[in-house]
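Structure first, then comments.
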């Protein structure tokens, strides 16, 4: 049997009695493709005769026995049968490994190990190699997974930073065990269960933390795989969390080389998901940190290098003065605002009686407190119903500061939404007076407040409180400036003199209008005026010269500091040089010098915020605002400003305050004096979107643009809101730029006393300079031929002549204006005529067509793409003015995808440029990297793709993940097609070509809207008819209303019918071909298919759910589309000829599942099937349906019923219409299978509406709201009251409530108590459905736990799902008992409970138990044991001096002595959990194991009915 070198390759199967079924399956598979000479079935004894290694491939199964060991010893190439099957199925080579490979479960996996003992590491290596994986000793870029025994090694930190999965060795063992049972891949095992815990191998000790923080660290450590110890032990403790670098533990830890880190390390590790590098959080002794003594003498270590050329001039005399005065100011402010130290220390909390919801909506972070002070403040916040945060996040609304903190300053400098930074006196005064105090008078002195909370004050002057105490620093500034003037005589020419000799105009508008990201608190004491000779190259204002005029001295110093930090140069007013910009207050001031542009501090602030130089004329707030002094036309108005941020928002708030208006953050309909809210009268915003805008429309309150405010300021009178509604803003008015920067006036003089001079500028100031387009620059012959033909035709259109009449008014600049050596010349071209020349000449139906020649389409798209790119790259340079189009078109290519922002996946990187170009030509924006502004993610992959990029995008709600073909379809069809038709799994070769059918229905629907609207002037009433019979988009309605040319109805209808019938034949032909390839019987029960012709057509383009359209019908359409998961994407017309069995089965499934989106009968069948399916196995088309869509699953039934009561639609489209009736929208013929008989409209399936019983109608509905946003609370509270309900505003559960509306199921008191009492626990979509029906409706389909809610809301975790199901289960159970027995039961009925828990938690437990019908004893004395049935105790939370119950004595008398966790688990789990698992340690000896887990007292109690006992089974 010894093989020679010339022996051919052979596959040998080693036969043994233990061979598995895979062995014979692999043999048969190879036998089909391998010749008999190269395939052998060998016995074990023959294999043992082999003397040396040969070239054969040996197939062994199992990897054991004498033959396997012999072959392995010789070094033969051995694989298992699973390897053969895997490689044949995946067309891969059999691995040439130096070791046997049993299966390919870990193919494509490369692992490296860290922190494992030698034996475990060798086991891991062995199993990985035997499963087809690769092993590296060192960590490199090829490694895909890291196997770790514990955290903290260098490999661990590098792998975590590279986001590589870090797993436990048990993952490899689990893969090996499962791969022995069946053929699997490593991805089939859930890796999340085997991820290395964050603190694996860490033994953590703490010092200096409060008791509550210590317990929190202990809990989280155990939760994340670490070990917590109270004592610091040598060779055991690995980490010591230190509050301050002192103490015995700290000193010992340093000696024993234990990591001494801050508590931030602990929480950052949890937040980022892996153990952080300890060196970044190391706590050093104070002596090593502070090595420089506190002296007034400047040293190199704590002062910035002086950039001036004269180094021998000392300025030391000025520094000490500023330091002393700044200290005096700080101490004065602190003494005024902060309470004495002993006030909080000696405060008796019990003396402060305040409402439970005093702090409702306040999210509070405590900073700079410790010990007893911190505990008292926590109790105050809990008692007042506030939410306390342990970490600084963007959700915090109030920060209460004790001692100053540098980390807090850094957070405030970075955050966009600054919370209130207050002293503790605000909290104490609020509790003492029983209502929230205004925050303005409690600002902390050490932290600057940039928001403007009160509209009554013109602005919060940053330094208003400093004026009386900082006179000396101001004098120092003047002296300092005098020194600068002296030194400037000897410096270079680029230094700048700053003088304050010209008179300042006092103005109430201070620098606080701007949202500055710089820290301005030291701009007066440590001003940067000495650095005026330094130019920071490449800064925002590099090579720009400024003048600062009209501000108070301290504000001026701050503005100068801001400009210089951005590389700008500041000139004095007496300098002869011409400044580029003069910065003035918002209302302007007199400018004597010659400057290029006069801008406001709002312009400066927004330039800093956006980090780019903005066009001064792109925003009305960038130039001085005309204001009629002394007028307050908005005295009775309460404004809310939305969608504006930073300096722009502050300026609007300031302006509104000057006009007499009140400005508040929340937009409310009713006043709430308790919370200091007024009833809003106006909403000022940018765009017609957002929750506040929807609320304004609902409440009929004006939603206006900021131009309304500017007009009020300009005229001194309240302007008409209808002229400034945000709905009426045309698209061309939304452009940012108004005046080209190429034109700059030589001198502009603005007077504070005559602000109306802005209106007297010449026309050149309001019209941009246009560079005419040179037609000779286009070399294309096709383009030149089109232009030449266009020039020969006389212009007859009135619209075009209008445009041409405007040409002579162009103001062209001479080359000396724009050909400057310091400025880049960027011309703008007027290409309107060129694009118009490419359009197809208009016909009789031109307004309904957008067809053009292929050549013009290509050229037009490329021109638009070039213009879009040019505009994007030159944002600072304004383009030519947009002239009105000669002929209004129904569609504009550049606005098809307006407000769409796309990002292309890395998988499609090669197509990214092409896809971005298509998107830009359709009016969309694109991003090279995914960010928060992206609305559509272009991706291609499988249904459950495991790529990190896909999962990260999928976690974000509201993002469309679509195929690249969606963009192609939008471009081809010249409309925004529905995203649901093009998911990321879309394959054009695997779908039917039915897109044309949708176009047909769209045309017919549009025609119906046109004709019916022309017959009746009441467009609003007709719109309601369209919503019922053929929902028409808003754009179509507007088009029809404005169309003055009469149409030919019969001609269009016949054309639509002919086109649709052709589509029907084509569609039918495809289906017949599919059906001929399969033997699947056509599904029965689809009687309603004959009713296609009368089914409502829903064009996908109509997306608005509030503007004249039923939100119920819209959400039903979307939700049904998601639930049935229709595969109706447009595709190419390809057919399969080869008879593949798998493909035939798939075609059969496609035919059986194929349904038309416009057929209500088929939809109802599929929906009914899905709703009745207990498993609920359907895949939603998107991550989670919106609340409104969920609401429509049931509420939509009202709309079809109302439609059925209206006059029946005639089948004959040509029939005359009675003049006294509105013409209903005719329906487009649908595509259906040919029927022998004429189509008959089926009777719609009506779900019988159960009328409310008399008792239910009369019963008052009392609601509680939980886990909702503040704006949602306000909106839903208003809705409930309008419908006749009552809203209970309590922080805790109220037994009188009948319904609780919950955002998300949480294991809190409100939710559990509602569950125990059998209340209705509803999703917020219930209220949306009630809003649509305008009355309270049945609750069943909107209850947490119902299939309609759980199937639609997919982003809940298992615990939330268990809570949701438990709520419905208890509600049904308790209501059933009430109906059958006539008695009101609770979940805890019959319980008699003794509580021995923490005093702060006892009221909550008591309310929870009592809501479920339990009787709770006051106290826990021994005589109560005879009556009690349950005792709940938690000694770990009790203080040493608090009394404790005698558990042993209670258990001896038959009381169930349990941990409090039993209460929640009893409610959540379907079967009551065994009491033995929750038994207190002292009661274990007395537990008698019974079938029900009940004690003797419960078993023998005669007063407990069978109904009560049945709950335990």
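Yeah, the Cβs are placed from backbone N, Cα and C, and that goes for glycine too.
Predicted, not measured: the structure shown is a model, and the values here were computed from it.
Comparing 307, 1033, 1131, 1184 with the features listed in Swiss-Prot, the residue bearing the annotation phosphoserine is 1131.
Looking at 726-746, 747-767, 768-788, 789-809, the range tied to region 'Disordered' in Swiss-Prot is 789-809. DSSP states for the domain 'BRCT 6' (892-984), grouped as helix (H, G, I), strand (E, B) and coil, give 39 helix, 14 strand, 40 coil.
Here the domain 'BRCT 7' (1253-1344) does not touch the domain 'BRCT 4' (530-621). Their Cβ atoms form fewer than 3 pairs under 8 Å, with each pair 6 or more residues apart. Predicted-model confidence for the domain 'BRCT 2' (194-283) is 92, expressed as mean pLDDT. As a summary of secondary structure, the domain 'BRCT 1' (101-189) carries 37 helix, 14 strand, 38 coil according to DSSP. Note: the domain 'BRCT 5' (629-726) comprises 40 helix, 14 strand, 44 coil (DSSP; helix = H, G, I, strand = E, B).
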